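Engineer: The structure's right below; bear with me while I get my questions together.
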Amino acid sequence: MTNPSILILPGDGIGPEVMTEVEKIIAWFGEARDLKFNVETDLVGGAAYDKHGTPLADSTLEKAMNADAVLLGAVGGPAYDDLDFSVKPERGLLKLRKEMDLFSNLRPAQCFDALADFSSLKRDVVAGLDIMIVRELTSGIYFGEPRGIIKEGNERVGINTQRYTESEIERVARSAFELARRRGNKVCSMEKANVMESGILWREVVTEVHAKDYADVELSHMYADAGAMQLCRYPKQFDVIVTDNLFGDILSDAAAMLTGSLGMLPSASLGAPMENGRPKALYEPVHGSAPDITGQGKANPIACILSFAMALRYSFDEGAEADRLEAAVETVLANGARTADLIGEEGVEPLSTSAMGDAILAALAASV
Ligand code: NAI
Ligand code: MG
């Protein structure tokens, strides 16, 4: 059997800086754990535009479609702000997500104990928090027709349409239930069935899928606005939350911030299974290209490193190795290692991007 393949797309700004640390970690797993990957690197975003005049070359897209997992850094930056909309760096990422049909966006909100005081909420509320928001990513109000700004009489009207088919709801619900079985076995589905027909159908389909194939998983339903309140009040009540594209956008950002810095947040976007049984998959930190700190060695590589941990778990079925990597991150944080974004008032000396990567490598080495 050939080694599983990873396509690395470092992108722009701090993307390449944090990806360098991930590449060191991938190499470590190859040497120390005999987990060999075929790694290929290519351009996306502004970097691709500079070379090819497009933020995603066809050849890159083809590589992504055939890779067992794609790892992306970040795209965009001030140098590209004046480009035409059609070739903006972000279009490269959007096209990748769309062509790969990545319908299930996994956004963990996990609070490492060492960073609990960094949250805007009380330590008790967030310490040990470990929830996963599953956001539907390919449909809903961001895509529904009709849309546009039209003229009605003498005023303008802005229109967007929330539209969900049964099969779109079913596939993301399945992905949430499967995920819950590997975690705390609980799913809370969020919509607004009280005021939206698409929410009524959402609740019906989730309930049907559950009864048919996932009765062993505990299922609850919540209106998304009530869910937002519960996320702030007592987030530890949740395990997996599944919701639509719009609510998921907002709820996952809110949940993520419970845990502190943008530099800590990974994500995965999964699609349908390929022939080898692995889902099409894109892993990326939640943060952007951070032009304000680019080239200064200040970027926190942990979000990107934890994205690779998600790849180990969800693309390569290496849950124990994913646990090992997450534990290494936890260890260095517990030992006081901090990049600049993780330092509040206390005046600790910050680690550089590469020093943080090296600290995690050392913790990995000590784990075997
Ligand atoms: P951003 O996430 O790049 O930065 C926001 C703030 O967080 C900045 O102060 C930055 O220094 C800090 N930050 C972000 N990641 C960090 C890390 N790993 N370590 C330490 N500090 C970190 O968002 P912003 O400034 O709104 O956007 C900058 C550019 O990135 C724009 O061109 C935007 O379009 C693009 N962007 C790209 C995304 C992607 O590739 N998925 C997502 C969000 C923005
Ligand atoms: Mg958002």
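Heads up, the Cβ atoms here are built off N, Cα and C, so glycines get one too.
So TrEMBL lists these for the protein:
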DOMAIN    5-360  domain 'Isopropylmalate dehydrogenase-like'
BINDING   77-90, 288-300  NAD(+) binding site
BINDING   ARG97, ARG107, ARG135, ASP225  substrate binding site
SITE      TYR142  site 'Important for catalysis'
SITE      LYS192  site 'Important for catalysis'
BINDING   ASP225, ASP249, ASP253  Mg(2+) binding site
Engineer: Which residues of the same chain, at least 6 positions away in sequence, have a Cβ lying under 8 Å from the Cβ of ARG97 (substrate binding site)?
Structural biologist: LEU137, THR138, SER269, LEU282
Engineer: Counting Cβ neighbours within 10 Å across all chains shown, tell me which of the binding-site residues GLY77, PRO89 comes out on top.
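Structural biologist: Of the binding-site residues GLY77, PRO89, the highest Cβ count within 10 Å belongs to PRO89.
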Engineer: Output: those binding-site residues from ASP249, ASP253, THR294, LYS298 whose CB lies less than 6 Å from an atom of ligand 2, in sequence order; none if no residue fits.
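Structural biologist: So the answer is ASP249, ASP253.
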Engineer: With every protein chain in view, how many other Cβ atoms are within 10 Å of the Cβ of LYS298 (NAD(+) binding site)?
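Structural biologist: Step by step: centre on the Cβ of LYS298 (NAD(+) binding site), count other Cβ atoms within 10 Å, giving 19.
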Engineer: Can you tell me the CA-to-CA distance separating TYR142 (site 'Important for catalysis') and ASP249 (Mg(2+) binding site), as a whole number of Å?
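Structural biologist: ASP249 (Mg(2+) binding site) has its Cα 11 Å from the Cα of TYR142 (site 'Important for catalysis').
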Engineer: Sorry to bug you, but what's the C-alpha spacing from ASP249 (Mg(2+) binding site) to ARG107 (substrate binding site), rounded to the closest Å?
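Structural biologist: Given the Cα positions, ARG107 (substrate binding site) is 10 Å from ASP249 (Mg(2+) binding site).
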Engineer: Give me the CA-CA distance between ASP81 (NAD(+) binding site) and ASP225 (substrate binding site), in Å, as a whole number.
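Structural biologist: Pair distance, Cα basis, whole Å: 34 Å.
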Engineer: I need the most crowded of these recorded positions: ARG107, ARG135, LYS192. Count other C-beta atoms within 10 angstroms of each C-beta and give me the top one.
Structural biologist: ARG135
Engineer: If I restrict to non-local contacts, at least six residues apart, and a C-beta distance under 8 angstroms, what lies near ALA290 (NAD(+) binding site) in its own chain?
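Structural biologist: GLY13, ILE14, ALA74, ALA299 - these are the non-local Cβ neighbours of ALA290 (NAD(+) binding site), listed in sequence order.
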Engineer: If you count the other Cβ atoms within 10 Å of each Cβ, which of the binding-site residues ASP81, ASP225, ASP249, ASP253 comes out on top?
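Structural biologist: It comes out as ASP249.
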Engineer: Which of the three DSSP states, helix, strand or coil, fits ASP249 (Mg(2+) binding site)?
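Structural biologist: It is helical.
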